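J.: Take this structure first; my questions come after.
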């Protein structure tokens, strides 16, 4: 009987939100058009958001990871971390629904408030978990935004090298600052759709162009050669499938968040159809040359197809910058107590200071490729793997909590026993391999980049200009 009551609470709340949105869309043809392009909340919108956000600039660095790992390990790690990421995204979705249901029983209204991961942890587990989640989530998203900015400068350089990469970082930092005017994840409907088309084109361009180009003369495929390179490559793939730090915000933008459960897995399966062929083909063609070219576009000859891929990735990185930065905007708005104001201009002005440290860090650490592995090992490992798995186990530790759970683990995975077994495996594996070995390797590689190129380097991995 209790479970029926919980189900009614969930469905009633979300249907009410859906009807409100639908009433607005009937106002005029103009508002219908605006809703179609601008205001998404369906399961399809969530799928596009997850798939588009998961594979962005990292698509261009996966061949670099294959050169560090070797082909077989590269493929296996993609499959392994893809499934592991889907599992922890599923855990986050369960905790969100649990938190929201409990709050709505208390008559809390979220229509002018975006729920975030740290608030879920606070409501279910208390302030210490909230602080832990807030630190890791915000730091990861901060550096995730930094990486998108670095990628913009890295890519544009391949079609216009009249300016160095640092100058391009200044320019794109100003461009990306315009994301302060996008209210929430509801408003990424058309951008998510276009973003996925852009990455799909780029992935298949990399695959086809590499196969047509063929193997370079004397190509070698010697990876893995050292432990440092091996675990650096592995943590870049850990980072690749750790894009679900914005899961809660994407769920909150849905009319019926309880439908999210399998969406991230479906998005991951699609992403694998892009990452596996492209990384394998580029590595087959160029081999060890990728060890000194972390951006795969650097090795392919310039054609109109490559220039198209560069432009599309630039637009997509702008979109992904918004995905990573929007949760930071929400946190900052809540700190300034302007989050629930209806004035978008006031919120946009309040958000602007968030962009400044991102801009600054992108100029200090322009190491496209190595920075992904460092962020993956030190931040992603905790943010979207260890903390969600631990939080799920602690939240449902008592028999009463398991009995009253809104969503129970599926029986085909072994129910609660199977769920806890998988969670323990995730925590142990990521702590030892991702954070331990991965952190050691990626930090050594990162320090090597600093020693080789220096901080504030003007043009990371740029070929010398021809006289």
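Each residue, glycine too, has its Cβ placed from N, Cα and C.
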J.: Which one of 108-131, 228-251 shows up in TrEMBL as transmembrane segment?
T.: 228-251
J.: Rank 134-156, 228-251, 309-332 by Cβ pairs under 8 Å to the transmembrane segment (75-97) and hand me the top one.
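T.: That would be 228-251.
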J.: Taking residues 6+ outside the transmembrane segment (309-332), which of them lie with a CB under 8 Å of any CB in it?
T.: 49, 52-53, 56-57, 59-60, 114, 116, 118, 134, 137-138, 141-142, 144-145, 148-149, 151-152, 155-156, 158-159, 172, 175-176, 179-180, 182, 184-185, 188, 191-192, 194-195, 198-199, 201-202, 205-206, 245-246, 249, 297, 339, 347, 350-351, 353-355, 358
J.: Under a Cβ pair cut-off of under 8 Å, which of the recorded stretches 134-156, 168-186, 193-216, 263-286, 420-441 contacts the transmembrane segment (352-371) most often?
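T.: It is 134-156, which has the most Cβ pairs under 8 Å.
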J.: Check the transmembrane segment (377-399) against the transmembrane segment (420-441) for contact, please; criterion is three or more CB pairs under 8 Å, pairs 6 or more apart in sequence.
T.: yes
J.: Which residues of the chain, 6 or more past the ends of the transmembrane segment (228-251), have a CB below 8 A from one of its CBs?
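T.: Counting only partners 6 or more residues beyond its ends, the transmembrane segment (228-251) has Cβ contacts under 8 Å with 46, 49-50, 53-55, 58, 61-62, 64-69, 73-74, 77-78, 81-82, 84-86, 88-89, 92-93, 96, 114-117, 120, 137, 140-141, 144, 184-185, 257, 260, 264, 268, 275, 291, 323-324, 326-327, 330, 369-370, 372-377, 380-381, 383-385, 430, 433-434, 437-442, 444-445.
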J.: With pairs fewer than 6 apart in sequence excluded, do the transmembrane segment (134-156) and the transmembrane segment (168-186) have three or more C-beta pairs that lie under 8 Å?
T.: yes
